[in-house]
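Before any comments, here is the structure.
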Amino acid sequence: MTERVVLAYSGGLDTSVCIGWIAEATGAEVIAVAVDVGQGGEDLDVIRKRALACGAADAEVVDARDEFAQEYCVPAVKANALYMDQYPLVSALSRPVIVKHLVATAEKHNAGIVAHGCTGKGNDQVRFEAGISSLAPGLKCIAPVRDYAMTRDKAIAFAEAKGLPIATTKKSPYSIDQNVFGRAVETGFLEDIWNGPVEDVYEYTRNPAEPREADEVVITFEQGVPVALDGVAVTPLQAVQQLNQRAGAQGVGRLDMVEDRLVGIKSREVYEAPGAIALITAHRELEAVTVERELARFKRQVQQRWTELVYDGLWFSPLKQALDGFIDEANKYVSGDIRMTLHGGRAVVTGRKSAQSLYDFNLATYDTGDTFDQSMAKGFIEIFGLSTKIAAQRSLRAQDGAAAQ
Ligand code: ARG
C-alpha cells in the first residue's frame, strides 16, 4: 500500500509546495488538513480545494474554534499564562489542538507520517513533533522546509514549474501567525531590535494613542471560566472574540518583546492579543479577591512553570497535565464579576464582586466597625521576627569579636 502523509496545511505558498515536494521525496500520498483556530482570512473550503489542486490525495478542514477556545485558551486564562511575564502563548496554544486533529486524521487514513511547514529554528517544530509523539508515539514526522532544505526561493521555483494555483509574487515582509487568541509578527525590519514597530504591523488593535471614548466592560467568571460579558452569557470563543473587538478598538494587548526561544535563540516578536490580555487581567484580579494567600502565592510559581511547559511544546506532558489539576482546583472559587475600563492601550480593573470573596470589609476597614484585634499584632510580630532577630544578634557579636582582635 502507498504510504500516506498527513500535512498540516495553511493554504499558503510553503505548505502548498510541501504537498508536491513530499510526494516527490517520499513517493507517498499527501492528505492535507487545515485546522481553523480563528485565524480568519480565507474561506476554509477555498483552502481545501487549493490543497487538492496542488496535488493532495485528500483534503480536510476542521472548525476547531470552539474547541480551541474552551480547551486551550480557557486553561491559559485560568493559569494567567504570560511567558516571560508578557506573552499570552498565542501560537504555543494553537499547536496542540492542530496536533490533535493531525493525529486523528492520520489514524483515520492509516497514515504513518505527519508533516508540517516549520523551519528548524523555531518553537513550533518542537510543539508539533513533541505533541505528535505524545499522542501517537508510532507516527513519524517530517518538516520539508527543515529536512529537505526547502527554501522560499526553491518553493517559488517549484510552484512556478508545476503551475500551482498559488500566488508566488507578493511576499509579506513579516512572518505572521494568528488565531483567535492573538497575533504574532516577526522578521523583516523588526529583526533590528532598535526599530520601532510601524502602525501597519497591527491588525487586531487600533493605535492606543489616538483619542477616543473609553469602554467599560463587566466580565463574569465561573470557576475561572469567562461566562458572561456585561451580563450577557457567552461561550469562551465569544468572550475572546468580543473582547478582541472591544479591547482591540482601545489598543489593548500590544506587545513588543525579545523572547527566549526553546532552541536557544533570542528573537524579537510583536504581538497583539487584546482579548487574551483583557481576560487574563480580569481573571488575575478575581483570583486576588477569591484565592487564599498561600494558595495564591504557590499558584504564581505553578502557573509560571505551566506557561514554560506550554511554550516549550509540552502541552501533553505528564507534568503539564498534573499542574492542570492543581490549577483547576485553585480556580474552584474564582467566580464573580470584574469591571474594567478599556482605554489608551490598557485594561484597568475598577471593580470586583464575588459571592466567594475573601475580602472582609470589617477586617480591612480603618473606620469604625473594625473587627480586627490590633492588640494581637504586637505579639505576632515578636514571634514572627524572632529567628531573624536572634541571627542579627549573632552578627553583632561576630562583628564585636572581630573588632576586638
Ligand atoms: N515566537 C512565538 C512563539 O513561539 C510566535 C511564533 C509564531 N510564528 C510566527 N511566524 N510569528 O510562540
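Yeah, the Cβs are placed from backbone N, Cα and C, and that goes for glycine too.
Keep in mind that this is a model prediction, so the values were computed, not measured.
Annotation source TrEMBL lists domain 'Arginosuccinate synthase-like N-terminal' at 4-165.
Ala8 (ATP binding site) counts 24 other C-beta atoms within 10 Å of its own C-beta, drawing on all protein chains shown. The ATP binding site annotation in TrEMBL covers Ala8, Tyr9, Ser10, Gly11, Gly12, Leu13, Asp14, Thr15, Ser16, Gly117.
For Tyr87 (L-citrulline binding site), applying a Cβ distance below 8 Å and a minimum sequence separation of six or more within one chain yields Leu255, Met257, Glu259, Glu269, Tyr271, Tyr311. A strand conformation is recorded for Tyr87 (L-citrulline binding site) in the three-state DSSP classification. Per TrEMBL, L-citrulline binding site is recorded for Tyr87, Asn123, Arg127, Ser175, Glu259, Tyr271.
Under the heading L-aspartate binding site, TrEMBL lists Thr119, Asn123, Asp124. Mapped onto three states, the DSSP output places Asn123 (L-citrulline binding site) in coil.
Averaged across the domain 'Arginosuccinate synthase C-terminal' (174-390), pLDDT for the predicted model comes to 97. Residues or ranges marked as domain 'Arginosuccinate synthase C-terminal' by TrEMBL: 174-390.
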Around the Cβ of Glu259 (L-citrulline binding site), the count of other Cβ atoms that are within 10 Å:
19
Assigned element (helix, strand, coil) containing Ser16 (ATP binding site), judged by DSSP:
helix
With Ala8 (ATP binding site) as the reference Cα, tell me which of the binding-site residues Thr119, Asn123, Ser175 is the closest one.
Thr119
Among Gly12, Asp14, Tyr87, Ser175, the binding-site residues whose C-beta sits under 6 Å from ligand 1:
Ser175
For Tyr271 (L-citrulline binding site), which of the three DSSP-derived states applies: helix, strand, or coil?
strand
Nearest-integer angstrom distance between the alpha carbons (Cα) of Arg127 (L-citrulline binding site) and Gly12 (ATP binding site):
20
